[in-house]
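Asks: One structure, as structure tokens, below. Some questions next.
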Amino acid sequence: MNYSALLDAISQGPLARWASILPEQIAEGLSEERYGDLPAWKTVLAQLPAITSSHTELAERVSIGAPGDCDETTREQLQSVLEALIPWRKGPYWIHGIHLDTEWRSDWKWDRVLPHLASLKDRLILDVGCGNGYHCWRMLGAGAKRVIGIDPSPRFVVQFHMIKQLAGLHYPVDVLPVGIEDLPEKLHAFDTVFSMGVFYHRRAPMDHLLELKNALRPGGQLVLETLVINGKEGDVLVPEGRYAMMNNVWFLPSCATLLSWLRKMGFKAPRVVDICPTTTEEQRSTHWMRFHSLPEFLHPENPALTAEGHPAPIRAVFVAEV
């Protein structure tokens with residue numbers, strides 16, 4: 001997991017302040033003392049077979065290579081290595097004839113988001129809470145100059161490096177084992193910042209909005225996707241216990257409430273561009289994620305409610321500028 005190309009690329013320019021402290025942050029984020037499973041995951045990564053890919057498709061889907069690029073024995077080895085890092089949450093990926101059918105149909109989310117964005121061509125992009133980096137690849141496929149994803153989960157980081165090793169190390173896309181709080185204050189560097197599926201996990205929502213704003217250059221665009229509730233301005237659900245079996249869900253505002261929060265934090269022209277109930281077709285258990293998923297998180301007698309009796313998940317996409 002080599003970041004030297006990234007560090008060289010950002011050592012000058014708007015990310016130089018971050019580049020100076022990033023090696024230490026990466027070392028801490030991939031500390032084997034802190035994450036006991038990391039040595040085993042690194043061993044698995046080293047077992048990834050070397051396959052020359054005949055093509056890589058990123059615009060319409062993430063597809064690497066073709067079945068004919070390797071023999072069946074090599075493909076079985078590849079599948080075994082990929083399975084060693086189950087669960088795979090975000091995707092799907094097509095890799096040398098293997099359909100990596102992840103828990104989330106993250107491509108559906110991308111199809112909902114992309115039409116509402118300023119062009120990503122030649123943009124420097126930050127993807128906060130990016131998981132294994134699926135959307136980072138789609139951003140690159142939409143023409144981005146460089147994409148940096150951040151996620152503090154080392155399993156997701158290793159999964160990303162598996163995909164990058166298969167696709168090609170030359171691609172200007174990286175996933176770093178850090179959180180947004182690790183970025184230097186008032187960096188004002190990125191053309192577009194994405195925060196998708198993160199906001200409701202933040203205990204201090206206004207602080208998160210400020211962190212996102214401080215990462216953007218003047219005129220840059222924020223893309224915020226989060227869980228919401230139906231309601232008027234001022235309405236917010238704060239689950240006292242779990243929400244859809246998750247114990248780290250803090251604030252689910254109405255769309256009108258979150259728009260007011262964005263204005264409060266100084267974002268310009270905040271707007272809702274998509275509202276979509278999460279379905280059991282979009283989030284479900286698969287071979288690549290064999291644990292409970294949305295069908296088990298909903299009320300067994302009323303799928304309009306979570307297992308705890310809260311409104312079932314609705315996700316909205318907000319876009320704003322600074």
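The backbone N, Cα and C atoms fix where each Cβ goes, glycine too.
Here the structure is a predicted model, which means the values were calculated and not measured.
Pulled from Swiss-Prot, these are the listed features:
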BINDING   Lys90, Trp104, Lys109, Gly129, Asp151, Pro152, Ser153, Ile180, Glu181, Met196, Tyr200, Arg315  carboxy-S-adenosyl-L-methionine binding site
Asks: Including all protein chains displayed, how many Cβ atoms other than that of Glu181 (carboxy-S-adenosyl-L-methionine binding site) lie within 10 Å of its Cβ?
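Replies: Its Cβ shell of radius 10 Å holds 11 other Cβ atoms.
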Asks: Express in Å, rounded to the nearest integer, the largest CA to CA distance found among the carboxy-S-adenosyl-L-methionine-binding residues Lys90, Trp104, Lys109, Gly129, Asp151, Pro152, Ser153, Ile180, Glu181, Met196, Tyr200, Arg315 named in the record.
Replies: 26
Asks: Residues with Cβ closer than 8 Å to the Cβ of Lys109 (carboxy-S-adenosyl-L-methionine binding site), same chain and 6+ apart in sequence?
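Replies: Expected: His135, Met196, Glu225, Glu282, Arg315.
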Asks: Would you identify the secondary structure of Asp151 (carboxy-S-adenosyl-L-methionine binding site) according to DSSP, in three states?
Replies: coil
Asks: Do any residues at least six apart in sequence from Ser153 (carboxy-S-adenosyl-L-methionine binding site), in the same chain, have a Cβ closer than 8 Å to its Cβ, and if so which, in order?
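Replies: Once residues fewer than 6 apart are set aside, Ser153 (carboxy-S-adenosyl-L-methionine binding site) is near Gly131, Pro177.
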Asks: So if I measure Cβ to Cβ from Lys90 (carboxy-S-adenosyl-L-methionine binding site) and keep only same-chain residues at least 6 apart in sequence, which ones fall under 8 Å?
Replies: Thr102, Glu103, Trp104, Ser106, Gly131, Asn132, Gly133, Tyr134, His135
Asks: When DSSP is mapped onto helix/strand/coil, what comes out for Lys90 (carboxy-S-adenosyl-L-methionine binding site)?
Replies: strand
Asks: Test of understanding: give the count of other CB atoms lying within 10 angstroms of the CB of Tyr200 (carboxy-S-adenosyl-L-methionine binding site).
Replies: 22
